[in-house]
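Here is what Swiss-Prot records for this protein:
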BINDING   Cys67, Cys70, His71  heme 1 binding site
BINDING   Cys88, Cys91, His92  heme 2 binding site
BINDING   Cys140, Cys143, His144  heme 3 binding site
BINDING   Cys152, Cys155, His156  heme 4 binding site
BINDING   Cys186, Cys189, His190  heme 5 binding site
BINDING   Cys205, Cys208, His209  heme 6 binding site
TRANSMEM  20-40  transmembrane segment
Amino acid sequence: MEDRQLTNADNENGRKCACGGAAPFFVGLVVALVFGWWAFPEMLYSQKEQPIRFSHKVHVNDAGMECKQCHSLREDGSFAGLPSTASCAECHSDVLGSDPEEARFVAEYVKSGKEVKWLVYQYQPDNVFFSHAAHSLDGCNQCHQFSERELCNLCHLDVADSDKAPTHYENKLTGYSKQTMKMWQCERCHANENHLGVTNSSNACFVCHK
């Protein structure tokens, strides 16, 4: 009887020792991961380039195009996102210049009717709805004097002067882009009581989260 009690006690102590040894390991692992994330944040992201080298500078500065000529509104107020190959073909049915990337685009996409699989920098989660119509020049310029480019650049990367699209950083865990809008960015305007008074808008969660 005593031997059995001793055996049970030994087993209990063994289990306690095993747990006691594992706890510091897991705590150390968590600390190491958090420190690594803080010290080397880029390790969380994979870097990808766009399938076609697209020059906003040529289209915006040289050709005088505006954002809305390629990024138009849907009926629900959201942007249609990226232009289709058909819309690009309105100007690029044939090669216009000497850029080899344009020649490749015409050959691989325009002639075949294939869509370019552009990497979206600010693709939002499915539970987030953002109305571009509600954030238009007509609304913001009741008080401000933004140009279209200035208004877009409040949320989007300023690429008008770039000959190449920025590198796309994709989160290895979530699949979302590093540039996906964060709530603190929205709060720059939505936490301002003066904005709410002028626009009669609401900060209720369901306005943006569906």
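Backbone N, Cα and C define each Cβ position, glycine as well.
Of all the Cβ atoms in the protein chains shown, 10 others lie within 10 Å of the Cβ of His209 (heme 6 binding site). His209 (heme 6 binding site) falls within a strand when secondary structure is assigned with DSSP. Proximity to Cys67 (heme 1 binding site), judged by a C-alpha distance within 10 Å, picks out none of the binding-site residues His92, Cys143, His144, Cys155, Cys186.
Summarising the environment of Cys140 (heme 3 binding site), the number of other Cβ atoms within 10 Å of its Cβ, over all protein chains shown, is 19. The CA atom of Cys205 (heme 6 binding site) is located 43 Å away from the CA atom of His92 (heme 2 binding site). If you compare Cα positions, Cys88 (heme 2 binding site) sits closest to His156 out of the binding-site residues Cys140, His156, His190.
Comparing Cβ neighbour counts within 10 Å across the binding-site residues His71, His92, His144, the minimum falls on His144. For the binding-site residues Cys88, Cys91, Cys143, the largest tally of other C-beta atoms within 10 A is found at Cys88.
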